């Protein structure tokens, strides 16, 4: 079940770009869709936290899994009601059986453009609504509702009635890796595979119009959730707990989380009046929020979470736009190179804490140092970016000279004899290494071949290029990035691996720190409040405002069959890099200033304490014991997959 939960979450992350293109959405809108998971989670988290432990836990978990499965199926549903995907194209040479030569320059000669717009609008009315993406939002929200009981109730149930084993959680941690690899596989397959003649498709996975089989991942995730739920329907409410090994000194993840959950849910106080409960709650809330260490830690975490969630959401898209990678390859590399070092870092971080018996102050210094080293490493990303794609009329003039940002003009003297559409994005790569928005705008007057192998000849704009004396031909698709860009992508990947490992190394002690900031009886409230704040102020808004700023760097918007604005086809690579990496760095940077303040407060607090055993308040030089180590993951039961990935 934990595997299916994490798998479904990362399938959504890996499908963001595909959904954006299929439904013609902006990055900010698709960010809002992604954040709907957090909204669904928040709707029921209070109910599940209060009533979950009192009900039949296995059946509540099964119900959550069934709900997740329904949410996954609902997310995939629009694919089966929208008809076939129609990407933008300006020529009719896409038919596999076509052998006639097409003149792109004369396709629209003598045709009234107003008539074409009216014809397009008339055909648009018969198509399914462009608001089908709302079903994806609702499905993702439903998946968030279903996910809520799985971690807290599942782990507390295992802790109560099973041997102390770490395998289930470590298997569950493989979910994100499998999710990105599955997302990569689906992105390689055309969206309408099995329903259309693939020979007639003129675009490749590297094309910004390509949409993979995004729906397939959600169907697979839904089936896995459904199958995982069935056994839980037959588990009893309580079982006999096997005898545990009293000599065991494991610092296991599952054991640690379970012991926390047991403490938080095992106590059953006598019923009290609501007025008394409310008064106690307000008093406890005031105590938690007035705790300077806790409040400082929460502010630091909030900035970090905003940075990480926005960064992770658009990471595949950044790799596509900056380095010319396909969606499939981006997801594959994230699953294979980014996540394993992170998992290794978490594991080694726990081992280091155990071996060197870190004190609470030592753990704080270690977590801060590793996080700051990772931050400095990520700043190197600014120096390994690629230059803008060379697109005539967009980033360079038709003579090959660079033009200022947003001062582009796709029309020129060389294509003035052609009546070309300015809205269509159907790029061709000239023999001179320059990409043209369409064959018509390249001034091409003849074509040979069919499907993906179509070649355009007699292109006047290639001939007009000041530094070109070769053939005046062009092939379908954008020109590939330079070899220098390919090398920079390797550097980018290496930096990602090292920085991810360093941050994860300090992630384990970082979890422990918050729970030493508050009194033992307030830990449950501290966890709940922390989770609520992170979701409301980071999980939901971060993808939206990151997406909104990314939209500002778009150079060429696509157009739908209805003539409306579609997804962005071409970004200003330099502006995209500075906005995406800059916003992440600006959010994360000040968090280290707050972290310094937090360290000063914590050191002052523990120095003023009397030398008592660690469990009664703590001595600065005392090692963190087993109970303290288990507190490091206390926020997991209420955390989202994105938060858990962000923490590491």
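The backbone N, Cα and C atoms fix where each Cβ goes, glycine too.
Among the residue ranges 265-284, 365-384, 385-404, 405-424, the one that TrEMBL annotates as transmembrane segment is 365-384.
Checking the ranges 117-141, 142-166, 167-191 against TrEMBL, the transmembrane segment annotation falls on 167-191.
Here TrEMBL gives transmembrane segment for one range in the set 13-32, 93-112, 293-312: that range is 293-312. Between the transmembrane segment (332-353) and the transmembrane segment (579-602), fewer than three CB pairs separated by 6 or more residues in sequence fall under 8 Å, so the two stretches do not touch. When Cβ distances are compared across the two stretches, the transmembrane segment (365-384) makes contact with the transmembrane segment (579-602), since 3 or more pairs at least 6 residues apart fall below 8 angstroms. Panel annotation: around the transmembrane segment (579-602), residues 292-293, 296-297, 299-301, 303-304, 306-308, 310-311, 314, 318, 360-361, 364-365, 368, 371-372, 375, 378-379, 381-382, 513, 517, 546, 549-550, 552-553 of the same chain, lying at least six beyond its termini, place a Cβ under 8 Å from a Cβ of the stretch. Comparing 60-81, 293-312, 489-513, 525-546 for CB pairs under 8 angstroms to the transmembrane segment (211-235), the maximum falls on 60-81.
Taking every listed stretch (60-81, 293-312, 489-513) in turn, the largest tally of C-beta pairs under 8 A with the transmembrane segment (525-546) is reached by 293-312.
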